[in-house]
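Asker: The following feature annotations were taken from Swiss-Prot:
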type	residues	note
MOD_RES	52	asymmetric dimethylarginine
MOD_RES	53	asymmetric dimethylarginine
REGION	1-21	region 'Disordered'
REGION	38-48	region 'Core'
REGION	47-86	region 'Disordered'
SITE	11	site 'Essential for Tat translocation through the endosomal membrane'
């Protein structure tokens, strides 16, 4: 390894910055372009704000595609209706 000038900041060391700018391409070469590209493109990790999904509007026909819940008969007591045997 070549000695690095101690007066340079770490982000200005030779080889610390890629020669080309980052782009939106997700090919294998661009995914390994730099550490930031690898994290965002290769691993898919993004800490930015997430876009809101638009809710689907209900159809204009008024159909909900759901059957109404039928009324159930009143619940029957469980167990032996005459009581426990002794």
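A Cβ is built for glycine as well, from the same backbone N, Cα and C atoms used for every other residue.
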Asker: Looking only at residues six or more beyond either end of the region 'Core' (38-48), which have a C-beta under 8 A from one in the stretch?
Answerer: 26, 30-32
Asker: What's the CA-CA gap between residue 11 (site 'Essential for Tat translocation through the endosomal membrane') and residue 52 (asymmetric dimethylarginine) in angstrom, rounded?
Answerer: 35
Asker: Which chain-mates of residue 52 (asymmetric dimethylarginine) that are at least 6 residues away have a CB under 8 A from its CB, listed by sequence?
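Answerer: Listed in sequence order, there are none.
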Asker: Could you list the residues of the same chain, at least six apart in sequence, whose Cβ is under 8 A from the Cβ of residue 53 (asymmetric dimethylarginine)?
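Answerer: The list for residue 53 (asymmetric dimethylarginine) is empty, so the answer is none.
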Asker: Which residue counts does DSSP yield for the region 'Disordered' (1-21) in the helix, strand and coil classes, in that order?
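Answerer: So the counts come to 3 helix, 0 strand, 18 coil.
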